[in-house]
């Protein structure tokens, strides 16, 4: 089928590349001409595990094109996916201005049988509102909801082997088109959840907010473990092996970040409030996660004898999680800001997130370096803020010989305590008694 993606950010680009792998002819359209220029030069503007392989393959098979022009090509598309951003307003509500901008532009070019698919995360009833908006302008396109559930760092596998594919439709024609698009995956065993438009939209918000709640819960359990001497790793395992709960998202750490969880839980909380419902759970999760970076810095201060002023801190990890170059709402960046506010000097490294971090945040007392070894040299403490496997494989014996004070504060609990302690490091984790 001929498919177009409007918006070539993380979701649009990954989905476009992988749709072409399924055999569809895909055009990715974006207003950012510099990004499109890069893509046409076969340069991926994001890092995502394994994506480069499928990107190259799609281009070689001539099933993937990039453009910044809304033109005649859209007349041949059978489905156009809206994958633009829906950032948070100050109120927490989702800003749909980019969605409506895309709708306005494509409605002038697509044919009457083309299906508009909203893949951007939008509040419940957005698709119905878009249908009414188009009718007011004299258009009668079918509109469907198809939320994405790709995890950054694991997006390729998530696309190929999804837990479920959710589609929200209000007629058989829309359902048939989406069934045809996803047939290569459903024939391979992927479960298709077909529902109405509003429910499909709400599934995405509910899923992300529930996962965020699991993270906030285990972080609060880690706080308790530190007070009473319990072991957070075994606690997480003992809870998570209950099949009703599951082990995913039960790793204690510095909090959740990224482009989805913080934004989506704020939006869902706003939706609930706007419907005159008291949202105690979500508000508690939002507050707990917002406070998490400062709690981590308080922990660091306690371990470094309270006064952080003038300390040289090495920070390993800038992205909000491993496997991506995304630093949006990253706990690591917030921790660095808190450390700088307390008068520290920070050197930071990340295997994939350096460039985005440098664009996002600069400070005269913050130095970004291109290796973990350089960052750790002469440090008063090493803070691990992202769970990159590269940090587990570092030459800790060599690092021990370079540091000023042999202290590791592992906010991701990824190192083996006996190994680094046998070298001579004082090693502290999240969820261990201070």
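Even glycines carry a Cβ here, placed using N, Cα and C.
According to Swiss-Prot, the NAD(+) binding site annotation covers 2-19, 30, 35, 121, 152, 263, 328. Neighbour list (residue 2 (NAD(+) binding site), Cβ cut-off 8 Å, at least 6 residues apart, same chain): 24, 25, 27, 76, 77, 78.
In the three-state DSSP scheme, residue 208 (substrate binding site) is classed as helix. The substrate binding site feature in Swiss-Prot is assigned to 148, 149, 150, 151, 152, 204, 208, 249, 250, 251, 252, 253, 257, 321.
If you look up Swiss-Prot, you'll see 260 marked as active site, nucleophile. Cβ-based neighbour count (10 Å, all protein chains) for residue 260 (active site, nucleophile) stands at 26.
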Checklist entry - In which DSSP state, out of helix, strand and coil, do we find residue 5 (NAD(+) binding site)? => result strand
Item to check | Nearest of the binding-site residues (17, 30, 150) to residue 260 (active site, nucleophile) - Cα to Cα | outcome: 150
Checklist outcome for this item: Filtered by Cβ under 8 Å and at least 6 apart in sequence, the residues in the chain of residue 11 (NAD(+) binding site) near it are 83, 119, 120, 148, 150
Next on the checklist: Of 17, 30, 152, which is closest to residue 252 (substrate binding site) if I measure between C-alpha atoms? They're all binding-site residues.
Outcome noted: 152
